[in-house]
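What Swiss-Prot records for ALA7, VAL8, PRO9, GLY10, SER11, GLY12, LYS13, THR14 is ATP binding site, and it gives sequence analysis as the kind of evidence. Residues or ranges marked as transmembrane segment by Swiss-Prot: 187-207.
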Amino acid sequence: MITLITAVPGSGKTLYAIGLIEAALSEGRPVFTNISGLVKDKFSNPHLLSDAPDDWRDTPEGSLVVYDEAQQAHLYPSNAQRGPVTDERLTAMETHRHTGHDLVFITQAPTFVHHHIRKLVGLHIHLYRSRGLQAASKYEWSHVCDSPNDRKEQQRADFVLWKFPKEHFAFYTSAVMHTHKFKMPKKIGVLLVFVVLGLGAVGFNLYKNSGLASMAEATASVAEATPSPLALNGVKPSSLAAPYQWSAAAPAVPVSGCVANRSTNRCQCFDASGVVLAIEHAACLSVISSPLPRQLLSTSK
């Protein structure tokens, strides 16, 4: 199969190819590649890993050949020449399956490589890495997609979020892959600020309401524990709501007049009907000695 891998620098193209190379070496297949900075000792069967020649036909049958920066002039760059293709390396790709070869071309954009290769591609993989994440959106087509960043084309593709396999970082050196740091989008940052403020407001209200409830409970407890003055005097608080107050004491009667006999040391007071009233001796004398009329309440005998 002919596979095309496209993405801008730092998106994980080489890292993805490392996975293909390691899988092929694990199966015992010979692999040829021009990827620079490979640490061969990290791979399985490193003796099967060799540098790729400019002509893929110079590799044994059943080989996996991976060309990085395939648009380079000595490899398979795009050109505007019309008419029959004269490069035998390109025309031989039409029957590459007869020799069991798998060819992988890595570049930034599909239009960078020769149009004859684009016509023969059976798998196009496009990677898009956003804001320095340790992952990339992977889009796959069974043919070349000339506009892999077009939303409509991406909807037609098979999509998966591909997490960078950290175990493969040690297989090669990349000055771009490991220097990208995650940058949070401004919209997400503003949204997080509002979420934090909202959660803080909710928490404060809950704390405030719980504090008021605790104060109310404490006040109610103190009120229940402290007897009212009326209760101390033997009067129930519920009696305050009654429309009338009843008392066992005798009704008070106005004093109309008093008479004193000094020889017998007696003093009596009467109401308007002449009934003798029960009144203290001193109070009776006080009524006589003070000018009348005045009202003095007493109880009848």
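Positions of Cβ are set from backbone N, Cα and C atoms, glycine also.
Of the listed binding-site residues, namely PRO9, GLY10, GLY12, the sparsest Cβ surroundings within 10 Å are found at PRO9. Taking every protein chain shown into account, ALA7, VAL8 are the binding-site residues, and of these the Cβ with the most other Cβ atoms within 10 Å belongs to ALA7.
Secondary structure from DSSP puts THR14 (ATP binding site) in a helix. Considering other CB atoms within 10 Å as the measure, the emptiest surroundings among the binding-site residues SER11, THR14 are those of SER11.
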